[in-house]
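For 50-204, the entry in TrEMBL reads domain 'ATP phosphoribosyltransferase catalytic'. TrEMBL lists 209-281 with the feature domain 'Histidine biosynthesis HisG C-terminal'.
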Amino acid sequence: MKLRIAIQKSGRLYEDSVQLLKECGIDLRNVKDRLKTESDNFPLEVFFLRDDDIPQYVEDGVADIGIVGENVLYEKNKKATIVEKLGFGKCRLSVAIPRIQQYEGVQSLQGKRIATSYPFLVNEFLAKNNIQAEIHEISGSVEIAPGIGLADVVADLVSSGSTLLMNGLKEVEVLLQSQAVLIRNNSLNAEQQKLVEKLVFRIRAVKKAKHNKYILLNAPNDKVKEIIALLPGMKSPTVLPLAEEGWSSVHSVLSEDTFWDIIEQLKAAGAQGILVVPIEKMIM
Ligand code: ATP
Ligand code: MG
């Protein structure tokens, strides 16, 4: 038996999805037409699809699992379960209006024409806020709609905001924060479920490793205690004697969030020759 995964055929999620599988130690056979491929070292079959179709395929069980943006998953409103947030494809679904216009809260959207590729989510937002507005569904280049007179405002995906800026728009409401997620069909059998768990175990090890760095440093023995107190480590730091009398080498793992703060404190506490190396996998 093979687990079938649906990923984006091309576009913003393609590279990261394939890369993630690779980092999980899953090699994919190269297929020219790229509709479908499989792995020789993990029981996985990969379907390449438009991201819009992935929630449906997973709901129907044509694919057992899929990688898709939360924005698409919620817009399509299909039955599938999020197994794991993947940390890439981060963006938000926002309402933007022409920069020159005043905005005084959601009431400003009353009676407006909204261009969007996300009619379901926008409708939900409007209903929740008691706003009557006209939704114009378009499938791409939403940001040009106000400029060409098709709509007054837009609801579109934003990451840096530079596309909005280039089109004279400003972001006024965030409807949804989104990232790529691994989803699964709601009625997998025990064997499929086992394989999903195996995959998720690997994904977590990869994510965890990306978030952490391995650090090695030298310190005079009389400073080691103080230095150890600064290091969280997985259990406790490793301390090894150096060839030079009175010196030790200290090894530990640091999270990216606290990394620079702790490095400074380590230096101040007398650490020298600090080396920082990436971690490939981290199994807790
Ligand atoms: P497809 O041909 O598969 O339908 P698409 O054109 O709908 O592709 P892409 O533009 O490749 O989709 O975006 C795929 C996903 O990447 C989005 O649904 C979203 O989850 C994520 N994403 C991250 N940042 C952005 C962004 N700035 N703009 C659009 N999508 C983004
Ligand atoms: Mg799409």
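Heads up, the Cβ atoms here are built off N, Cα and C, so glycines get one too.
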Average the per-residue pLDDT over the domain 'ATP phosphoribosyltransferase catalytic' (50-204) and send me the rounded value.
97
In the domain 'Histidine biosynthesis HisG C-terminal' (209-281), how many residues does DSSP put in helix, strand and coil?
22 helix, 29 strand, 22 coil
